[in-house]
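Feature list (source: TrEMBL):
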type	residues	note
SIGNAL	1-21	signal peptide
DOMAIN	26-332	domain 'Plant heme peroxidase family profile'
SITE	Arg63	site 'Transition state stabilizer'
ACT_SITE	His67	active site, proton acceptor
BINDING	Pro164	substrate binding site
BINDING	His194	heme b binding site
BINDING	Thr195, Asp249, Thr252, Asp257	Ca(2+) 2 binding site
Amino acid sequence: MEMKLWVSLIVVSAITTTALGDFGGALVKGFYKESCPLAEEIVKHNVEVAVLKDPRMAASLLRLQFHDCFVLGCDASVLLDTHGDILSEKQATPNVNSLRGFEVIDYIKYLLEEACPLTVSCSDIIAMAARDSVFLRGGPWWEVYLGRRDSLKASFAGANQYIPAPNTSLEGLIINFKQQGLAIQDLIALSGAHTIGKARCVSFKQRIVQPNMLQTFYVDEFKRHSTFRRILRSQCKDSSRDNELSPLDIQTPAYFDNHYYINLLKGRGLLISDNVLVSEDHEGEVFRKVWEYAVDQELFFVDFVESMLKMGNINVLTGIEGEIRENCRFVNL
């Protein structure tokens, strides 16, 4: 663990001198330095406590930012409960009984409201919590650009439309990311978030029970790993086990590292949408980048941070747009 953190700090040094400053847009560093100087420390401490209690929470908080930013933008719309005219994104197919971490965000928001009322946005809390979660699992640290404001609406339809399904094709993923202003390299780097976390059987069962799908020779490679396949099939042998969990990275599930890409090259990616990065790349561009990340963890860390900064700037609300919610689950009265 010490070695992983040491590598992370090396990466931080490179990132802070190169990538930071390119993706901030209307957001800035140190946004709460005067208005709420302990904001980032409060977030960091409570994310750490949450992850110590439930190690899986790190992946859940990271995933929360993906699911927020891909619908309407990084505006905390994903946190809104159904109320009045608002139909919650939490009830959309990609999120229901799947997305987690809301109570952690709620508690952090409660503490921040005690310290600095109506100052720190829920959308900034999501961004800081995602960063801290990655670092706590041995991944890179980066300075988050802040100053987002919270939306006044949610988009149930958007959550169903724009969040990629676990069986999405490579072409579908590329189109989906392009809709968000993200390039193919961002897709490959951000997919590396699957180096931590778990998925339910219902998300990858199709990959087990239909091994001869059009996935080129990587499906056959998957079949030859009989032990791996037997474990997955024993976990997901019938619909009664659809909610059973399996790690997205079977090698180092507790650490944020580059083993996700090593697994892909061995045919051991858990989701169909993971494996398509190597099985459906007929031009070889995506495969080459997967290979680069598999052999160079520091390169993956640098690119991951740059892509997180880009994603964190999607359609943000700033200035007098939106609001600073008092309770992340509801718009202010």
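In case you wondered, yes, glycine gets a Cβ from its N, Cα and C as well.
Structural mapping of features recorded in TrEMBL.
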{"residue": "Arg63", "record": "site 'Transition state stabilizer'", "contacts (Cβ under 8 Å, 6+ apart)": "Leu99, Arg100, Gly101, Ala193, Gly197"}
{"residue": "His67", "record": "active site, proton acceptor", "contacts (Cβ under 8 Å, 6+ apart)": "Val78, Glu89, Pro94, Asn95, Leu99, Ala159, Ile163"}
{"residue": "Pro164", "record": "substrate binding site", "contacts (Cβ under 8 Å, 6+ apart)": "Gly172, Leu173, Asn176, Ser273"}
{"residue": "His194", "record": "heme b binding site", "contacts (Cβ under 8 Å, 6+ apart)": "Leu248, Asp249, Tyr260, Gly269, Leu270, Leu271, Asp274"}
{"residue": "Thr195", "record": "Ca(2+) 2 binding site", "contacts (Cβ under 8 Å, 6+ apart)": "Leu248, Asp249, Thr252, Tyr255, Phe256, Asp257, Asn258, His259, Tyr260"}
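Of all the binding-site residues listed here (Asp249, Asp257), the one with the fewest other CB atoms within 10 A of its own CB is Asp257. The local packing around Thr252 (Ca(2+) 2 binding site), expressed as other Cβ atoms within 10 Å of its Cβ over all shown chains, amounts to 19. Take the mean position of the Cβ atoms of Thr195, Asp249, Thr252, Asp257, the recorded Ca(2+) 2 site; other residues of that chain with a Cβ within 8 Å of it are Ile196, Gln251, Pro253, Tyr255, Phe256, Asn258, His259, Tyr260.
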